[in-house]
Each structure stands twice: as structure tokens, then as C-alpha cells.
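Taken straight from Swiss-Prot:
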- 21, 22, 23, 24, 25, 26, 27, 28: ATP binding site (BINDING)
- 196, 199: [4Fe-4S] cluster binding site (BINDING)
């Protein structure tokens, strides 16, 4: 496939990277929920899952393990909503024969696959493409940015939890963004409080406000906080649309606020 990268992204209006300095902070959760929120706002959305060693988004969207087909323009993405075709996804999970198979690859092979993902997926018309990256700053991140140079990247959303150990890692992620001239669209504090499944009261089981404080210290925008909600966790495990199922929840309000803030900043 000799896609140029730019050709298959020509009809993509906005590209957002979702980054985290540390694993386990819920980066893929935020990516998934933002994609669903954008779709509910009437946008056509794509997710490029380049977390090669831990591709979890196909399960969160309950797309199973479909075959990836090719057309004249390249790989055809998988749709989480085959009828409406408003939410497209491409992930290495679709290319593995066994879902339990470990991806034990050296940097050059990872870089080559990411290059294919960026250049050879026939997204068609998209309002927003979300790129879900692995934690840290690695070959994968550099490969994504290098392959997206021909296309304008709007910026990055950084995900952290409230604890100092997580915000410390995000500081390094901010340094990475500055060194690579990647605009920071804002910081999301995930797992900010725990929503009781019985009374819906939110209690702080971790420290609180670390993400907002980090945003102030680094001059970044603070997009908002998302609580640790058992209903959200259950929805992701079952591949259900949390935003559609629980529109009365405070977590719905938090995610919708973050999504709307991003849409406004993009003028999307």
C-alpha cells in the first residue's frame, strides 16, 4: 500500500492525541467516552488505537474481532455503529489471531505498523480523529507525530489521576509536548472522587485537585474532572454506551462538559 498519509487524512477535519505519562490512569476510557460524546453531539468520529501492547478500546466499544478489509484507498476501519457509521475504529487488536497474544516487537516494527495505521486507513470524512497512545513517551509517540506531520494536528489531551505520582509523570509528558511542538489542549483529571452506586454521592478516596493544580502550574487549560463511577466501569466492561444509558448521572455531566469544551476550542 503506497498511501501518502495525507491522502487518507484529507477529509479529517481535526486530529487529537490522547496522552498520559503513566499507565492505569484511564486514558483509553477517556478516549472512548470522548468519542461517544462527540458522536452524540452529531460529529463523525474515528479512533486510531496505537496502544500496541494494550489495545483495550475494541472491547470497550464491543466491536468483537471483525476482519479488517481493504479497499482501493487502504484498510477499511471497523464501525462501532455499523448502521449509522458515525464512529470508526482501527486497532492492532483486529490484526491479532488470538486476543491473548502478546505483542513483543522491537521499536522499528512498531514504528512501521504505526506508519501504516496513519497512512493506510481509509477514514473517509471525519469531524474528529482521536489517537489513543500508550503511556509515557516512546517510539510509538514519535512515530505518530512523524507520520502526522503532513496533516495538521490540533493538539493533545493529557490524562492524569489526582495523585502526585501521576501528575509528576504528566509533567514529563508536558515537556515532551513542548519539545515536539505539540499543542496542549488541556488536562483531564480522571478518577477524581468515587461515586457511590447506592446514593450517587461522590467521596474522595484519593487526593483531589492534582490535575487542576498541575494545569495552573504549567499554564495549561484544565478541561475538567471525571469521577470513578462503578456504572461507567460496568458499561465499559460490557461494551455499552454509558452516556446513552445514564444521562442523569454526574459522570455524564462531567464527560459532556469536557467534550463540549474541546468542541468549542476546535470550533467543530
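Using the three backbone atoms N, Cα and C, a Cβ is placed for every residue, glycine included.
Neighbour density at the Cβ, taken as the number of other Cβ atoms within 10 Å, is lowest among the binding-site residues 25, 196, 199 for 199. Compute the center of the Cβ atoms of 21, 22, 23, 24, 25, 26, 27, 28, which mark the site for ATP; besides them, the chain residues with Cβ within 8 Å of that center are 20, 135, 159, 161, 166, 190. Checked against residue 199 ([4Fe-4S] cluster binding site) by C-alpha proximity, the binding-site residues 22, 26, 27 yield 26 as the nearest. All protein chains considered, the CB of residue 26 (ATP binding site) has 21 other CB atoms within 10 Å. Counting only same-chain residues six or more apart in sequence, the Cβ atoms lying under 8 angstroms from the Cβ of residue 22 (ATP binding site) belong to 135, 136, 160, 161, 165, 166, 169, 170. Note: the Cα of residue 21 (ATP binding site) and the Cα of residue 196 ([4Fe-4S] cluster binding site) are spaced 28 Å from each other. When the Cα atoms are compared, residue 25 (ATP binding site) and residue 196 ([4Fe-4S] cluster binding site) turn out to be 20 Å apart. For residue 24 (ATP binding site), other Cβ atoms within 10 Å of its Cβ number 10. With all protein chains in the displayed structure included, the most crowded Cβ environment within 10 Å among the binding-site residues 21, 23, 27, 28 is that of 27. Cα of residue 26 (ATP binding site) to Cα of residue 196 ([4Fe-4S] cluster binding site): a span of 19 Å.
Between the alpha carbons (Cα) of residue 196 ([4Fe-4S] cluster binding site) and residue 24 (ATP binding site) lies a span of roughly 21 Å.
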